[in-house]
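Per TrEMBL, the features are:
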type	residues	note
ACT_SITE	487	active site
DOMAIN	713-877	domain 'MOSC'
MOD_RES	328	N6-(pyridoxal phosphate)lysine
């Protein structure tokens, strides 16, 4: 492995050595990673989500902390002392005017500035930082101002609220824009026609539309200039507030706004900044006579992503508004952005609200306000985040040490290398593995691609791997990436080829942002995105490529067909195989009374219409309504439970609680009536407990919560069999608080085979320290022994003693099985799920064990015929 890595890197350096690794900087890329980002190598983490946020360095944070602990930063706002006066007449000079139009004089004795030395020093730091931001964009302080905001979205909202919209205005934007840019077309108070306060584009009766940009055809064969070689293709126009629509075409006096990203956060496509000059000077031509080309056009660049590697040069392309997000540039601070605004464009913005920092003077009991004259102070409401602003200096210091041009070349080399390999990957049958988005041939429309790679993966049969499956497996491999549409619906639809009908159909099917519906009607609803930062290395890129190859590329060799240890997915036997002659026995029975808490093992236990009696009959619910599970609260596995049927008591213990809790099965409910709870597409009738029980569990899990008990379920529910053979039929099933089925069964032989593979990984140097798992890691109700590993996969039904059960297929495993309670604490690892993923994957799921339904619809009494007992023989049926 090391030899291959070395030869691959040598080949990479032959092609990209001049651009990779900061050869002219004080530290090489390897030294930067070893000294500034030790946390990545310590955790074995490959971080490839720099478009989401890049990482701060250790030196950066040490310098910031030192500055905070050795300096005194005062509030930089000037304190203007204003006495509350009563208006005394109209015969006063015109220096100050009330909002009601009457003249008013502000006496000199009222203008009392109070500012300490620490405040003055902080104000000077802020002034210097504003200049750093302008220098970063090569912007003159005479022509541009830097307004600090709470983030890029706040900067966009400021423009949307304050822009001089009218019914003659147009808001035009490229399809490749973030949701925060699209929001400019809206207005804050719904679809009403009469609004008070700030208005966004459509609320004023303005027109909005998206555009696609194409290269114009040239027949003269001559050289093409950017201005003369593009045209805008207008998408459908959007207008609201019909009461204010005018019959005539837009006039030449209206102000219009055009928005585009310097770098698309979906695909990495970088728009040529000549668009700024094109829109300002040649809108009539590029819109080909559209009635919306008239008026004065202002241009907004969303540079939140682009600034991380290639900030816009505002000396060449004088955009009116530029959006910046600092955590995307150097990781810290978060919650701070900037609007770099052209001075003349700032004067057009209309602002209604005023706050303490934006006024020079105001009087409480008459309609008087004098606003501050400085552009920055006029728009920065309240006290700005001066401590965060002071920390920006350290981030810029790092970038200046490396230089932005070197950062751009370094990240481009990694992205180009990765794209090149991913684009050529093929399955054994010749089909391409990766479909990449954002590659463009036109040098007129786009600059080179940024350090983002957006893609989806295909199986050998041409179907898609779901991006959630990719994300899940990447996480198990220590690779952090991002999936979905990245809040960029236009680019997502455009590159994935999703029509409006597709999008509406997806929404109707239940797909919304952040959910797990990654494939709908056979098409991806989003993509996988990896992105490189200034501290990314060749090793990061190589590990990404190796992960894609090992997890998703298929080469069906003869050896693979006969050696199940090398298979990437489960191969189920053909129909018609004879029933196995192996003998199986029930080795253990475990009941889990409280969802996600520890269970208890028994030699025998009664069955009920919901499976094992009292199994998952209770759960914990936070005060906000969230159902608590080990995924969110791993410490829940440390809460032990036991039910004594003779006493009729549920005993609960926690290492955080000195007293053992006792809950009587027949009483102990609170006096309040029952309630209803929706969970996993099922509606439950539930009962709560008194305050004493809630306090105990709140202490046990470290957060306020309540214990609820299921007293009945109303809807039938039937899970699918994970796309394995024998899909579940529509049969009514009574369930307690289980994820998908009444019972879970695993075999000792399957666990033993998994442990052998875990040991082999360590021996081959593919894993960390030795790890072995016992059956209880998988929280089974039933453990059996006998036969071959994974023989249970093909069972259609089974009988244990005299009780019948129906198999509902494999159990889809999640990272919960990677939680390992040891010595009173819970430890996380990537195993055993990472190993299971290499050979137990079926269509995006990782299966281990099978789900069962108790095949008896009658209420069961507590006689021996209705009990399961350890040692009983298990009779499977594969027909």
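The chain as shown is numbered from 1 upward.
Quick reminder: no glycine exception, Cβ is built from N, Cα and C everywhere.
TrEMBL does not curate its annotations; it predicts them automatically.
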What number of additional C-beta atoms lies within 10 angstroms of the C-beta atom of residue 487 (active site)?
17
Between the residue listed as 'active site' and residue 328 (N6-(pyridoxal phosphate)lysine): CA-CA distance (Å):
15
In this predicted model, what is the average pLDDT of the domain 'MOSC' (713-877)?
80
Please work out the number of neighbouring Cβ atoms within 10 Å of the Cβ of the residue listed as 'N6-(pyridoxal phosphate)lysine', leaving out its own Cβ.
24
